[in-house]
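**Q** Handing you a structure now.
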Number of protein chains: 2
Amino acid sequence: MPATDTVHISLPDNRHYEIRIGSGLLGEPASWQDLPKASAAVIVSNETVAPLYAQALRQRLLAVYARVDLVVLPDGEQHKGWDSLNRICDHLLGEALDRKTVLFALGGGVIGDMTGFAAAIYMRGVPFVQVPTTLLAQVDSSVGGKTAINHPLGKNMLGAFYQPERVIADLDTLDTLPERELRAGLAEVIKYGPIADAGFLCWIEDNLDALLARDKVALAYAVRRSCEIKADVVGQDEREQGLRAILNFGHTFGHAIEAGLGYGEWLHGEAVAGGMVLAADLSRRMGLMPDSFVDRLRALIARAGLPVQPPRLGAERYLQLMRVDKKAEAGAIRFVLIESLGKAGLHSVPDALIVETLTAHGAA
Amino acid sequence: MPATDTVHISLPDNRHYEIRIGSGLLGEPASWQDLPKASAAVIVSNETVAPLYAQALRQRLLAVYARVDLVVLPDGEQHKGWDSLNRICDHLLGEALDRKTVLFALGGGVIGDMTGFAAAIYMRGVPFVQVPTTLLAQVDSSVGGKTAINHPLGKNMLGAFYQPERVIADLDTLDTLPERELRAGLAEVIKYGPIADAGFLCWIEDNLDALLARDKVALAYAVRRSCEIKADVVGQDEREQGLRAILNFGHTFGHAIEAGLGYGEWLHGEAVAGGMVLAADLSRRMGLMPDSFVDRLRALIARAGLPVQPPRLGAERYLQLMRVDKKAEAGAIRFVLIESLGKAGLHSVPDALIVETLTAHGAA
């Protein structure tokens, strides 16, 4: 059993918080100590995760807070909208909970993003803690303070930069993760290699079987290294003025896939996987990377059981969906492209080249 | 005609912005220069204000932005909710406007609060400019970065601290302000006396007739002095950790009046006026202020044509509505009370004393 790892996130204005990674953290009293004082805590979870872990977490939190409520939302990306956000706010207001109340996001990326956004806006801000229970949330979405809900016209379009007090990534919660979601989480792990760490890409290639077999030592390292890379990027650029955008490798195409198919049809990680195949191809067409890189990345994504074939939405629909991407400027779509192994940058790409890539992959 | 005044707001992290106060600022090219570069601007206004000033503002902004859209919302506090917020977001997304887009809030406090909140959450934050056209917005709500919408269970319960790029307070726009709204704005002007500046309270008493007659020199001074006091307080405590709460003198009762009667029944300033009468009385009952202060403040409020008689909602209803106040903690209602003329502080008050005050004013 690996020991607990701690990754520190340092932000401007002397703000900072810890990501704790390890087995058994949910039941560990230390995980819940030294958080902001409050008379009440609210666990926000979903119908899938709540039955598994909410009561255990509630028991632990009752040692710290006089009152611990539970709000259970429907599960799935298609529920990451106004309605669910409102259910959290309605509960907080209906129970007259004050602005010291601490929210705990117990679940995957959807729960984390929505709970964080609710925390950001309730009475103009209450503290919150991320308790990610999916690989995707542990390696990516729970870290870095991006919160949001979806809009029918675009993914994560309404939200806030709002940092948690702490992230508690209990690796044991991955034991109950469905196979498909484990694989989806691996997409975000794989992402960190090409954009920031060529050595990590090799490590993933070498340890993919162990990761798929849920080997705890391998998972612990994958989560820690992913969080380290993310912490480093976010520490330099919290509000995505520049560098932080590289974390969105594969996401411009990916968000279009999610919105185009209807949220929840493909998991976020699956859409990012398909998006990385397209973005790698675009990097090659822009003359930045060789064919061999595209083949290598596609092979790894395929080995992880993730889609390498993006859906056929039609080129026009892809372009339309990507023009509302948050990185777009004055109608020009911008992509995170790989410039060399372990280094990425933001590039405007001519529509014609985007269409070429989509066509070559049967997506146009 | 008074010259343009500028009040500076200085915030942590080297952030700062200007409040410009004067006549004819809307048509003054300098008002709209040196704002963040963008390919598009969006004016958000309401059905009352848009016909008066939107086209003039749009013409000026077209000198700076290639594209200037206009979103017109229904007028009134009862429309300060999810639906109106969504209409702003739907427009931004529907037109695929990017995250450099600058929003301009043209109207009173409702428009300013909602546009600011939309700017805070659209793509996790776009720049915005306040163009307040009511006295209330010019002296209070456009300054300091509090943005919000109402919830059926409480006023301004969902929002963000999000600062504008600039505030342009054109005194000429007050010419078209209905009498009732002018008086409502005076409630917030009067507020600044007891909480921060005894001399300003005397000045208001001496110049109330000129203010009611819309004398530009008197209005210019009232707006400037109000903004100076607010800038000073907000500069010390942007996120209302402590001091900033004093700006909410009269607002705990006031918000209960607004929510209890139904938003829009009383104007915000009217509810604050009634709330100040109650809060002054509470200051006296807590032994902080003499009877003479209560009489003096009530007389001034009455002279301004504002209500000194709070509505009879019943004591229980008042208490219930005030327990969800943002200043409440662990169920205890806290009030901004006057400690000496020009000095205010936050005080927990026993329910019995609150009921006494409500009963004495026929509100229980």
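Each residue, glycine too, has its Cβ placed from N, Cα and C.
The following feature annotations were taken from TrEMBL:
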DOMAIN    A:71-183  domain '3-dehydroquinate synthase N-terminal'
BINDING   A:75-80, A:109-113, A:133-134, A:Lys146, A:Lys155, A:173-176  NAD(+) binding site
DOMAIN    A:185-328  domain '3-dehydroquinate synthase C-terminal'
BINDING   A:Glu188, A:His251, A:His268  Zn(2+) binding site
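Thinking about packing and proximity, how do these listed features fit into the structure?
**A** Shown in sequence order, A:Leu26, A:Leu52, A:Tyr53, A:Pro132, A:Thr133, A:Thr134 are the residues of the chain, 6+ apart in sequence, with a C-beta less than 8 angstroms from the C-beta of A:Thr173 (NAD(+) binding site).
Its own atom aside, the Cβ of A:His251 (Zn(2+) binding site) has 27 Cβ atoms within 10 angstroms in the protein chains shown.
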**Q** Between A:Thr176 (NAD(+) binding site) and A:Glu188 (Zn(2+) binding site), how many Å separate their Cα atoms?
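**A** Cα-Cα distance, A:Thr176 (NAD(+) binding site) to A:Glu188 (Zn(2+) binding site): 19 Å.
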**Q** Sort out for me which one of A:Asp75, A:Glu188 has the most neighbouring CB atoms within 10 A, since those are the binding-site residues we care about.
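**A** Max Cβ neighbours within 10 Å, all protein chains included: A:Glu188.
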**Q** Can you name the residues of this chain that are 6 or more positions from A:Gly109 (NAD(+) binding site) yet have a C-beta less than 8 Å from its C-beta?
**A** A:Pro132, A:Thr134, A:Leu136, A:Ala137, A:Asp140, A:Ser141, A:Ser142, A:His268
**Q** Write out the long-range same-chain contacts of A:Gly112 (NAD(+) binding site), meaning residues 6 or more apart in sequence whose Cβ is under 8 Å from its Cβ.
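**A** A:Ala105, A:Gln130, A:Pro132, A:Ala137, A:Ser141, A:Ser142, A:Thr147 - these are the non-local Cβ neighbours of A:Gly112 (NAD(+) binding site), listed in sequence order.
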**Q** Hey, does DSSP put A:Asp75 (NAD(+) binding site) in a helix, a strand, or just coil?
**A** coil
**Q** How long is the line from the C-alpha of A:Gln78 (NAD(+) binding site) to the C-alpha of A:His251 (Zn(2+) binding site), rounded to the nearest angstrom?
**A** 18
